[in-house]
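J.: Here it is: the structure, laid out below.
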Amino acid sequence: MLSSLSPYMANPRNTLSQVLNFGLVLSSAFMVWKALSVITNSASPVVVVLSGSMEPAFQRGDLLFLWNRSPRVDVGEIVVYNVQGKDIPIVHRVMRVFPDVPTTGAKDVEGVEASQKLLTKGDNNLSDDTELYAPGQEFLDRKTDLMGSVRGYVPAIGYVTIMLSEHPWLKSVLLGFMGLMVMLQRE
């Protein structure tokens, strides 16, 4: 088995170049992700629909593009939010917008900054999302809970992410395959 690696050990400069190329690809992907985060003002500018709660608008596995620079959210808009204490983004439609409620600690020119409050519901669900919110939470806060509003989507391409989440061993296989391809690449 080690004899098959001998051509790569004979030329360490070429091997180092291939490893650096692999690192360059990974760091470039990271920089693109961070640039998208800054442009969209969202920590996660691209998310995958994980359930069927928004059918027929979005199917499980659809890839959504978010925008979080709008100062307000309107009724009927599809938003992505995180529930406090959980790390799974939820994609649902805004059903009701409550009057702006002053937040504590944050002040603007007039003295108190208001934060929009929202009630959401999945298109394919029978009831609103109050059961999904954190205990004691009756609505979402626009500034703290929302990741962004959906501005576009690509159908079904997110199934790769779902497969990697549901079958963790696939991550190892995929990373190993990518590393092997970089190492076996001839220039």
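Cβ coordinates are placed from backbone N, Cα and C, and glycine is handled just like the others.
Below, the features straight out of Swiss-Prot:
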type     : residues : note
TOPO_DOM : 1-18     : topological domain 'Cytoplasmic'
TRANSMEM : 19-39    : transmembrane segment
TOPO_DOM : 40-187   : topological domain 'Lumenal'
ACT_SITE : Ser53    : active site, charge relay system
ACT_SITE : His92    : active site, charge relay system
CARBOHYD : Asn125   : N-linked glycosylation site
ACT_SITE : Asp129   : active site, charge relay system
REGION   : 173-184  : region 'C-terminal short (CTS) helix'
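Let's see these features in context: how buried, what's close, how far.
T.: The DSSP breakdown of the topological domain 'Lumenal' (40-187), given as helix, strand and coil counts, is 28 helix, 46 strand, 74 coil.
Ser53 (active site, charge relay system) counts 20 other C-beta atoms within 10 Å of its own C-beta, drawing on all protein chains shown.
For His92 (active site, charge relay system), the number of other Cβ atoms no farther than 10 Å from its own Cβ, over all displayed protein chains, is 23.
If you take the C-beta of Asn125 (N-linked glycosylation site) and look for same-chain residues 6 or more apart in sequence within under 8 angstroms, you find Ser53, His92.
Sequence-distant contacts of Asp129 (active site, charge relay system), defined by Cβ-Cβ distance under 8 angstroms and a gap of at least six in the same chain, are Ile90, His92, Leu119, Thr120, Lys121, Gly122.
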J.: Can you work out which residues elsewhere in the same chain, 6+ from the ends of the region 'C-terminal short (CTS) helix' (173-184), have a Cβ less than 8 Å from its Cβ atoms?
T.: 8, 15, 18-19, 21-22, 164
J.: Taking only the residues in the topological domain 'Lumenal' (40-187), give me the average pLDDT of this model.
T.: 89
